[in-house]
Each structure stands twice: as structure tokens, then as C-alpha cells.
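> As annotated in TrEMBL:
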DOMAIN    792-853  domain 'CBS'
TRANSMEM  65-90  transmembrane segment
TRANSMEM  110-134  transmembrane segment
TRANSMEM  225-248  transmembrane segment
TRANSMEM  312-336  transmembrane segment
TRANSMEM  356-380  transmembrane segment
TRANSMEM  448-467  transmembrane segment
TRANSMEM  504-530  transmembrane segment
Amino acid sequence: CCGERESRTPEELTILGETHEEEDEILPRKDYESLDYDRCINDPYLEILESMDNKKAQRYEAVKWVLVFAIGVCTGLVGLFVDFFVRLFTQLKFQVVQSSVEECTEKGCLALSLLELLGFNLTFVFLASLLVLIQPVAAGSGIPEIKCYLNGVKVPGVVRLRTVVCKATGVLFSVAGGLFVGKEGPMIHSGAVVGAGLPQFQSISLRKIQFNFPYFRSDRDKRDFVSAGAAAGVAAAFGAPIGGTLFSLEEGSSFWNQGLTWKVLFCSMAATFTLNFFRSGIQFGSWGSFQLPGLLNFGEFKCSESDKKCHLWTAVDLGFFILMGIVGGLLGATFNCLNKRLAKYRMRNVHPKPKLVRVLESLLVSLTTTVVVFVASMVLGECRQMSSSRHSGNDTLSLQDVSEDVNSSIKTFFCPNETYNDMATLFFNPQESAILQLFHQDGTFSPVTLSLFFLLYFLLSCWTYGISVPSGLFVPSLLCGAAFGRLVANLLKSYIGLDHIYSGTFALIGAAAFLGGVVRMTISLTVILIESTNEITYGLPIMITLMVAKWTGDFFNKGIYDIHVNLRGVPLLEWETEVEMDKLRASDIMEPNLTYVYPHTRIQSLVSILRTTVHHAFPVVTENRGNEREFMKGNQLISNNIKFKKSSILTRAGEQRKRSQSMKSYPSSELRNMCDEHIATEEPPEKEDLLQQMLERRYTPYPNLYPDQSPSEEWTMEERFRPLTFHGLILRSQLVTLLDRGVCYSESQSSASQPRLSHAEMSEDYPRYPDIHDLDLTLLNPRMIVDVTPYMNPSPFTVSPNTHVSQVFNLFRTMGLRHLPVVNAVGEVVGIITRHNLTHEFLQARLRQHYQTI
């Protein structure tokens, strides 16, 4: 992250591909699947369209709106659950410890108070770590995983019911345990899981929860609902429905339209007002008053009426805000650099070891944090004079008094009357209360206290993010930045004499600068902060600060979420490619070694292909020998609408014989014996005898039924680059479903006798289709034939070999594709492009090869 070379981690060694010579970066791994946003316009889908009229379409759309509303409501209820128990456990802990501190101040038994605080914190953190052991993907904030999902990458287990249970329950223990983490990031992940699971009406974790609801069983519909759920999570966390909508748009959703925008905004509104309704009613008994819009609310920024010269901000302050943005970008880049080094250290030394080591690391962080907080609050604080406005009914806190009295969170440890301990006020309170203190407390904080608080919080939050507990980064970054901003305001007042400046504004700008320098979000973060402050006049300074912080930080490294995405090796696609990438064409980056199937293929060949490859899609092709000019209607063997001459079999009989050895992976002993007999059979001297023998053995009508994954060295140039006419694309999941349901026909029958599956039957097992190795194929005759043409996608997006990389990238990302065949001018497939062929690392490697060729 700082331009230095580092040794490889154990996870890096498992990554396929070559590393950069200049940098030792982690390359994207190839075991991540891509989501398929493109519709498969096959026969089952067309049957649905034919039966769909305007009324059915309207009812289908109405069901979508109902589900979107339900997602918003459920996300708000998850936020209510987390907030309620966090408040309950935190109040219990601080009441017990604070009363113990007050008693032990006179008796001299502060060590007992420290032990009580350690008991609470270690217990809560231990429970949070245990939940992560149950579901490891529940660790962290979840925003990198959701960003990957919205970008089109399927991260295993990221949207399961078990994940949201462990996430929501674990984060309340993490926050209550005193770790420097927030609950806002996990709320985004929880909302996304609700969006993914609720419309399915079934659960893998709880198999009894299953209803006959065959709709919305596709990656396209699921990702739309995940986008709505993630936006609802942001809205519930910050009370910012518009910011939540922009978050889903900015942080990865590659396909977007007007209808989706409306649904996402509606879902965000439902989450915001659901949480607001219940929180206002539970805390204040004022049901229907809507006084608490989000889990984190910054309150109302307002100058004191007694200070006539005070302004929230002036044009002169913009210069200071720009400088704060620069410093915030530098601090954010430093934070990201240190956290990346810690993450790599954990990958080398913690993750490969038993899972108990991760729990011990979490407990060590909790122990250190607790001791630092306690000692700093008792020893390093200064006694500061309370503001007189506290007694004169200051209306600066009038709005926030409804949610929580800021003045009640002031700590007076070891301080005389009318004074308070400034360090204890920041450390010995929930993080949200500390943020409000920095934003709205009229009393001063010592510059030394703010500096020490910022340094300790910066280091401990950097160490904490990445341990095996559910943890968010928004609140720690806001609190750390608010301390930085308040420190700047104090220095300007003390040493430059700018008494007119409003300290709360500088604390807010400092929070925005540091948070922007860490996460590098611009549009959505600007709107989120504006909605959280409920002050539109802050729009310009917040936007300028975030832009400057992002530009400064991007000069050194990426945002924290992008760094963790890269460490996981996820093939994330950026918004656009670099300009120099247009020196490459589609033919330069495509995968030319194809594994393909024929329109009518024997079961033995399909099983062999599926068991010996890991590809998720296969081109459906016919061999174009002799440009297909000599096809004769009367000489077809088995076909539906594609003709094959008998003589074409003879010219390729030797090729079929050479490859039959690879079919032995099929479990059927009958097939193994058949392959052995075929290998042992000597090639007949006369072509007619060979043809008759093949027909008697009922061999496939398509000679090359099993193409190897890569050309053999024994192949001739003609065999390596034989022309293949492209007819469509079929997914692995579709082939497995056809085999699982026995969709095939015998050679003596017509393909019309093959059973037909509906769209609901094809998607019944979504999203977890059976694995080919788990299927019981003993009842299937390996010589039976499968007609894949009704189920393949006959019209996928394709590109020419001469298409520039920027055009390929825009088409792939904008349409949310999973596979992009490369087809030449005469309809022959020459390669295929997947997400891994468009990652920045892969394109850089191919560009270097291009320069070397030149």
C-alpha cells in the first residue's frame, strides 16, 4: 500500500495467474462465480411471455412493490432489534461501572472497577467471536461483500439467513463490548440479506421455511432486491433514504434503470420510517411522532442566540475546509495502509491457525481497548469548566434532547463541582454520545486531550477493523474525524483569534474529511451527512471536503473497502477502463480454448464435460467443416434442425477415437467398458466398415462430443482451430437440471419426444443447483441423447474479435453479463470473455504482452 514490496501470503499462493513484477499485489481468484443479469430468452421463458398479458404483468409488478415495502419494514425492524439491545447492554454496563468508580474513588479500589469493565467487555466480545465462528462471512462490516455482490460477484454465504442472524446478533455484542466499531456497516449487510432472502420464500438454513412461490428466482431479480435491501440498511442506519439510494448506485450496481430507482427509494423510505416509528414510541411513548429517523443522528446544528457574531460557516472557512480535506485524505491513506498491513499479517499468521486463535485475538484487542479507555479516562483527562449555557436552557440541543440528553453524558471523574473530565466524557460513553459531545458541547476540550484521544482512537480502531467480530467503520471514523475537526477549531480560536467560528461545524467537516479519506465515497456520503445533519447549508463544504479528501487519498492507495476486496481476490470491475487499454482488442483478452457442447449430445459426453471442467457456461456449436456447403437433407443421422453428412463422421473418426480415453471419468461401468472397447478396436481399413460399426454401437451423431479443455500437443493445426458455428450458450446449472430430471430421448426416437421442462421447473433449485458429482445417474442410459436447444440462450450478447476493450468492458459491466462470446463475421465462435478477463490486473498483464510483441 505504500509502494514497498512484501512477501506473499498463503492465500496469495493459491491465486491463479501471474503477479506484477513492479508490485506484489493479489490477483483475482477464479473460484468466485459471477451473477448473470442477462435474461436467458429460451423456450421456457418464451412460454411465460406468451401467457403474460397486461393484467398479469401489472400483478407481477405489484408483487414487486409489496416485497420491496416488506424488505424495508424488515430491515427497519432488524435495526430496531440491534439498537434496543445495544442501548440495554451499554446502559447496564456503564451504570454498574460508573457507580463502582464513584465508590472506589474514595476507597481506592479502582482496580475492582477495571475488572468489572473487563468482565463485561470480554464476555460480550467472546460471544460476538463465537457467532463469527458459526458463520465466518459475518465478520467485518459486510460492505465489501455487498459491494462485490452489487458489482456482479457471487460471494459464498454472503446473503444467507444464518449470516444475518449472526451479523445482527454479533454486532450488538461487539458494540456493547466496548470495541471501537459501529453498527451502521453491518446494518447495510443485514438489509442486503433481507432483500435477497425475503422474496425467495424459502431458506437453506431452515429447510422447513419453504413456500410454493416460483417467482423472482434469477440473479437479475435477486440483485435488484439486494440493491433495495442495502439502500434500506443505509437509510435505517443514518435516517438517510436518499443517501441509501445513491449508495446502492455508487457502490457497485452495474445495471440500473428508472424503475429500480423508484423501488430502491421506496424501500429506503419504508425502512427509515419503520425504525423511526418504533424507536420514537418505545423510547418516548410518542407513537407516530417520528422523532428519531436513524440509528445515528447528528442533531441540529445551531448557534447560540446569545452569540450574535456566530455563523455555522462562512466563505472564508472554505479555505480551512479544503486544508482539512487534504489532511483527512492523508490520515485516511495512512489508516488504510496500516490496516492493509494488519490484514496481510492476519492472513499469514492468524487465519491459517485454528479458529480459536481468532477468538483469542479478538479478546486481546478487547482487553487492550478496555485498559486504554479506563486508564486514559482516569489519568489523562483534564477538568474543564462547564458551559453556562447548560444552565440557561440552551436550545442548541433542543432536538437532540428528545433522543438523548447530551449533558447527562458528561463525566465528572476526579473533578470538582461545575467541571467535567473531558477525556472521560469522550472515552467513557457510547460512541454516538461522544460524537454528539464533539458536535454540540459548548464546553471546551483541551487540545492535549483531543490530540491524545485522536491518536489512541486512530490506532485502536485501525487494529480492531479486521478481527473476527461483526464490525462497522463509519462511527469510529466519524468520531476520530470529529476529534480532529474539534482540535482544528480549538487551535484556530486559541492561536489565530477566530472566535466567530462554530466548533460544531469544524467537528462535522473533520468527521467528513477523515471518513472520506478512509472509504473514498463521494456522492452518497455527501447526501448521507446532509440528511443526518438536517442542514442543507452544509452541502457545499461537505462536498468540497469529501472530494479533496478522496483525491488526496487516491494518490497513495485505494479506499478501505476496495483494499479488503482486493485482499480477498474478488474480481471486481471498476466503472471504466484506463484509456491505454484501448490498444487491446477482444481477441487479445478472450479465452480461446473452449469447452463446448453440441445441440444434440449424449448423456455420457455431458457428464464427462461437467465432471472434468469447472466452467459455468458452454457454447452450443456445430463443426463447420468444409464451410457446411455439402450438407444433404437425406443424410442426417440425429438432428432437429441441423443437418450432418455421414461422410463428416468418417473424416473425424480418428479424432473421436483419440479422445474417447478422456470419457472414463463417467462413473458408469458400462461406459468405461465401452470406452475401453473403442480404444482397443483398431481403425478399420475401409471407411464404410467403420461407419457401420459406429452406427451399430449407437455412437453419437456428433463425432467430437468431448472437446478437451485445452488442445493436445498431438493435434494438427486443423484440429486446434477448427471452425465452430455458434448457436447459443447454455449454463452448467441448466445442463445439471436436465440430467437431474432425466430430460433426454433415445436414438430411435425423435427429439420431439424429449420431456419438456417449464421455466418454474428449471429454476426450482435456484440458487443452489445440485452438483454433478452428487447426482445419481445410475438410472440413466449413457447412450441417451439430450437436446439442449430449447433451454440454451440462442441470442446472448456477443462481440467481434476486433472490438476495443473499452467497448467490451462497458457492454459487460453495464448489462451485468456473466459470459460474453467472441464471434467472428461468419458466425464462428473463436473465444469467450468472462469477468476475470476484464479485471485490472489481467488487462495490465495483457497490455505488457502487447508492448512486448510490438
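Just so it is clear, glycine is given a Cβ too, placed from its N, Cα and C backbone atoms.
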> In the same chain, which residue numbers or ranges, 6 or more beyond the ends of the transmembrane segment (504-530), come under 8 angstroms Cβ to Cβ?
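Counting only partners 6 or more residues beyond its ends, the transmembrane segment (504-530) has Cβ contacts under 8 Å with 234, 238, 240, 242-244, 246-247, 249-251, 298, 301, 312-313, 317, 320-321, 324-325, 327-333, 335-336, 435, 438-440, 473-474, 477-489, 492, 536, 538-539, 541-543, 545-550, 552-554, 558-562.
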> Using a threshold of three or more Cβ pairs below 8 Å, and leaving out pairs closer than 6 in sequence, do the transmembrane segment (356-380) and the transmembrane segment (65-90) count as in contact?
no
> Near the transmembrane segment (356-380), which residues from the same chain, at least 6 beyond its ends, have a CB less than 8 A from one of its CBs?
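The answer is 101, 110, 113-114, 117-118, 121-122, 125-126, 128-130, 132-133, 177-180, 346, 350, 411, 413-414, 421, 423-424, 427-428, 449, 452-453, 456, 460, 463-464, 467-469.
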> Can you tell me which parts of the same chain pack against the transmembrane segment (110-134), counting only residues 6+ beyond its ends and a CB-CB cutoff under 8 A?
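For the transmembrane segment (110-134), the list is 89, 93, 96-97, 100-101, 104, 162, 166, 169-171, 173-174, 176-179, 355, 358-359, 362-363, 365-367, 369-371, 374, 378, 468-470.
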> Count up the helix, strand and coil residues in the domain 'CBS' (792-853) according to DSSP, in that order.
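Each residue of the domain 'CBS' (792-853) counted once, the result is 28 helix, 13 strand, 21 coil.
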> Just to confirm my parser: what is the rounded mean pLDDT across the domain 'CBS' (792-853)?
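Summing pLDDT over the domain 'CBS' (792-853) and dividing by its length gives 89.
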